[in-house]
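Written out below as structure tokens is the structure these notes cover.
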Ligand code: F6R
């Protein structure tokens, strides 16, 4: 696992957007897995800026979703489908046909989950999966004690996650209890995992993810099992890392051509 400590969220966004741009230059139709929430927004902004400036052509990129709320009416502005279309797909100049995600409004939700896992495999697998991290260590919406081998399925959000996400809704009552999420096993199949964490509120979860034992109690610790996982953290989110100086020195000495 590579840990990169950046001064702030904007630089983290720039760094990851450049890694995505480099991937698209090598593989123009790469399948990019995106996360929602506040953390990745600087990445999407930086990548859209690169596209607008002509620094990368994203016209053949494909975008796929990590998770989705269950039970929000179609077109709800906070459904993750709406968020990804608004924050990622449209700013990159892509259409909805470049996008795939699980159907949180399906009548048979488990069939929709299975269909999504199949669709990801049929699309050739995810080339680069962006991840955020919950204050309780979740990735996607794999809450603590999710199986490390799990596939896309329905999960129940913890009260803490519902409270963390209430800022996107008018009240806590409106935050759905149930979600569809790519499983940890599904996420681990992506070729490159890139987790961005910013702010002091994530420091404990980051330290447990990077330096703690691999444990279902901290779902993000499953990144330790992946051969190409990159964790990008700002100074605040890095504040509880024991090996912070080692991570800084390692990255400072890394040849630029290697990228992430
Ligand atoms: C959202 C997702 C979640 C978020 C996490 C952090 O698609 O997968 O794991 O990444 O809840 O959210 P923020 O970035 O809003 O702190």
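Just so you know, glycine gets a Cβ as well, placed from its N, Cα and C.
Where the annotation comes from TrEMBL, it is an automatic prediction and has not been curated.
Under the heading domain 'Glucosamine/galactosamine-6-phosphate isomerase', TrEMBL lists 11-225.
In the three-state DSSP assignment, the secondary structure recorded for residue 67 (active site, proton acceptor) is strand. Residues or ranges marked as active site, proton acceptor by TrEMBL: 67 (among others).
Per TrEMBL, active site, for ring-opening step is recorded for 136 (among others). Under a cutoff of 8 A between CB atoms, and with a sequence separation of 6+ in the same chain, the neighbours of residue 136 (active site, for ring-opening step) are 143, 144, 158, 160, 161, 205.
Here residue 138 (active site, proton acceptor) comes close to 144, 146, 158, 161, 219, 220: these same-chain residues lie at least six apart in sequence, with C-beta atoms under 8 angstroms from its C-beta. Residue 138 (active site, proton acceptor) falls within neither a helix nor a strand when secondary structure is assigned with DSSP, and so counts as coil. Annotated active site, proton acceptor per TrEMBL: 138 (among others), in sequence order.
In three-state terms derived from DSSP, residue 143 (active site, for ring-opening step) belongs to neither a helical nor a strand segment and is classed as coil. Within 10 Å of the C-beta of residue 143 (active site, for ring-opening step) we count 21 further C-beta atoms, all protein chains included. For 143 (among others), the entry in TrEMBL reads active site, for ring-opening step.
The site 'Part of the allosteric site' annotation in TrEMBL covers 146 (among others). Residue density at residue 146 (site 'Part of the allosteric site'): 23 other Cβ atoms are found within 10 A of its Cβ, drawing on all protein chains shown.
For residue 153 (site 'Part of the allosteric site'), the Cβ neighbour count at a 10 Å cut-off comes to 21, with all displayed protein chains included. The site 'Part of the allosteric site' annotation in TrEMBL covers 153 (among others).
What TrEMBL records for 155 (among others) is site 'Part of the allosteric site'. Same-chain residues at least 6 positions away in sequence with a Cβ under 8 Å from that of residue 155 (site 'Part of the allosteric site') are, in sequence order, 141, 142, 143, 146, 178, 179, 180, 181.
Non-local contacts of residue 156 (site 'Part of the allosteric site') by the CB criterion (under 8 A, 6+ apart in sequence, same chain) comprise 143, 177, 178, 179. The DSSP secondary structure for residue 156 (site 'Part of the allosteric site') is strand. Taken from TrEMBL, the feature site 'Part of the allosteric site' covers 156 (among others).
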Distance [Cα-Cα, Å, rounded] between residue 153 (site 'Part of the allosteric site') and residue 67 (active site, proton acceptor): 10
Overall pLDDT for the domain 'Glucosamine/galactosamine-6-phosphate isomerase' (11-225), taken as the rounded mean: 97
Where the C-beta lies under 6 angstroms from ligand 1, the matching recorded positions among 136, 143, 146, 153, 155, 156: none
CB contacts for residue 67 (active site, proton acceptor) [other CB atoms within 10 A, all chains]: 23
